[in-house]
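The Ni(2+) binding site annotation in TrEMBL covers B:His2. Positions annotated as Zn(2+) binding site by TrEMBL: B:Cys73, B:Cys76, B:Cys115, B:Cys118.
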Amino acid sequence: MEPLEALARTKLSNKRVIAVMSAKGGVGKSIISALLSLSFSSSRQTTLIDLDIHTMASTKLFGLEGKVHEVNKKGIVPFSFGKLGVISLGGIVKDRYVVLPGSNTRDVMQSLIAYSDVGEIIVFDLPPGLGDEVLLLEHLTDFTPIVVTIPSKVSVKVVEYLLRYLKERGKRPVLVVNMAYFDCNGKKARPFGGMDYVKNVSEKYGLSLVEAPIDPEIEDYIGRIHEYNGVVRSKIKEVENLVGFPPYSSS
Amino acid sequence: MHEWSVAEGILRSVIEWAKENNLDSVRKVKVAIPSFTFLELDILKEAYDTLKRGTVLEKSSLEVVYKDPLFKCRNCGNTFNLNQVLGELNEVREEFGEEYPLHLVPGLAPAFIKCPKCGSNDVEVSPQDITIEEVEVNGTAGSSG
């Protein structure tokens, strides 16, 4: 009997759970997570939970640095942006660095889930890699993975580890290729490489693929990402459509 | 207010266990809580008594014991106790007030507690979870496992 685990399971049961993940760091998971959550929240009460407990990028993206979560009888109150709630360890430790032994990271992630007041759709922004965060989510719920990469061959090769793992676990993610191209007056420039290799990989695993462009303007929205309505956000809307809304599980 | 979530976690956990074991009545639940979380016992019991209504735990009582953690530095091997880092904890409590981080997430302890000997954060803390120590059912007592 583990009270924390029982509570975390309860929070995720009968919810639509999306996990934005990558085996590779620096590919833009947090921005994709933020934009996808905002997209979902246009129609449904959505909660973004930042499980990257060491970098806590969501607090930076939404301009929440130094702000602390309120806590009421339902648990940790998310920071609110319309129908989107954002939960981050940054709202518990403020701007303090978090250095933890590996054995504690799972506990901290599980606590964030267990003690949060969540909506009907939950988007997790995962840290890079194939560690406790993936195993914990698998243990708690049946999630839908969104795998993020950039077109560079090394990134795709690393991300393929994750794709292979997910396939073995019976999951078929949507593959988001972030920073796939730059729109030069209607012509696509591809500074991180062409799409041939990533297309081969997506075909190999039978995955839907969404290309998100580079938009330098997005930098102006760091701290107010909820106000961004540019081209990346509209491309991420495609991910929402691909994920869809199958009936909620009753587990 | 975090005590309400903790109470819910305890109840959920025992309700599931009772269901798995086909038990229809629980008499007493004994939980152990890390002392450095500074959870308020009165609020926890009030939450427990409110949330247990209509469940298999309706007639149960909650017993709480506090457990002091033991710290071991994985960098230099030093072992130390709560009293040796009480100053650090009090500073954190003063900075954050009621919702101080270890009240909400005891697993964060190594991020806030440095080894008094070498200053490392590579600190192993035991015990740090809220655990169910014992459940009494119809006159029998068993470990929660």
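Yeah, the Cβs are placed from backbone N, Cα and C, and that goes for glycine too.
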Helix, strand or coil at the residue listed as 'Ni(2+) binding site', per DSSP?
helix
Expressed to the nearest Å, what is the distance separating B:Cys76 (Zn(2+) binding site) and B:His2 (Ni(2+) binding site) at their Cα atoms?
35
By the DSSP assignment reduced to helix, strand and coil, which category contains B:Cys73 (Zn(2+) binding site)?
strand
Taking the centroid of the Cβ atoms of B:Cys73, B:Cys76, B:Cys115, B:Cys118 (Zn(2+) site), which other same-chain residues have Cβ within 8 Å of it?
B:Arg74, B:Asn75, B:Gly77, B:Asn78, B:Pro116, B:Lys117, B:Gly119, B:Ser120, B:Asp122, B:Val123
Measuring CB to CB from B:Cys73 (Zn(2+) binding site), give everything in the same chain under 8 Å that is also at least six residues away in sequence.
B:Thr79, B:Phe80, B:Cys115, B:Lys117, B:Cys118, B:Ser120, B:Asp122, B:Val123, B:Glu124
List every residue in the same chain as the residue listed as 'Ni(2+) binding site', at least 6 positions away in sequence, whose Cβ is under 8 Å from its Cβ.
B:Leu39, B:Glu99, B:His103, B:Leu104
Among the binding-site residues (B:His2, B:Cys73, B:Cys115), which are close to chain A, meaning C-beta separation under 8 angstroms?
B:His2
Which entry in the list of binding-site residues, B:Cys115, B:Cys118, has its Cβ near the fewest other Cβ atoms, using 10 Å as the limit?
B:Cys118
How many neighbouring Cβ atoms, not counting its own, are there within 10 Å of the Cβ of B:Cys76 (Zn(2+) binding site)?
12
